[in-house]
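Following: one structure in structure tokens, then a few remarks.
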Amino acid sequence: MINITIIDTGCANLSSVKFAFDRLGYNTEITFDLNKIKSADKLILPGVGTANAAMYNLQERQLIETIQNLTQPVLGICLGMQLMTEFSEEGNVPTLNLISGKTNRIPDTGLPLPQMGWNRVQFVKNCPLFDGIVQNSHFYFVHSYAVSPNEHSVAISNYGVNFSAAIAKENFYGVQFHPERSGKNGALLLKNFVEKVPF
């Protein structure tokens, strides 16, 4: 059985992510134990809250270097994806620097912030996360900050401006939306992470 570990960042709604995997029949463990994280087959980096609070908690739990050195697949969700970039404008804090790019506040285009609700996602590169999911499917977003499209974007969305809905580099994958709140498409994405992303 695949060992799936949810990294306890100390500021995330971990239970909803765990329940999403439970519904799919996968066993997961929530932990910040370094040895368990290092030995996991697949890892989830969730996040709700602010980038500076999350980075502070990761530093306090001595997780930053551990995460940076992981070689197994890691899926960052929402703030977890933003933490994978180099820097976040939210609190002006250096982040994990796993994937190039910066997280900036969504520009004021007259739309309310945070973006909260369903939005269309366009796949721009082949990625196993989206295997079997129809192009321009809808996923559920809650965010005021985003990563501009770059060479590591595998999907984009638009909320006044285009932004990265998903990024990937080597073993690190990130999604700006909440798959655990995105119905069948989100469930399939989580299943794809477990079953289609190689490790």
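Even glycines carry a Cβ here, placed using N, Cα and C.
Annotated features, as they stand in Swiss-Prot:
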- CYS78: active site, nucleophile (ACT_SITE)
- HIS178: active site (ACT_SITE)
- GLU180: active site (ACT_SITE)
- 3-199: domain 'Glutamine amidotransferase type-1' (DOMAIN)
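Counted within 10 Å of its Cβ, the other Cβ atoms near CYS78 (active site, nucleophile) come to 27, all protein chains included. For the domain 'Glutamine amidotransferase type-1' (3-199), the predicted model reports an average pLDDT of 96.
Taking the C-alpha positions, the distance from CYS78 (active site, nucleophile) to GLU180 (active site) comes to 11 Å.
Within the group of active-site residues (HIS178, GLU180), the Cβ with the highest number of other Cβ atoms inside 10 Å belongs to GLU180.
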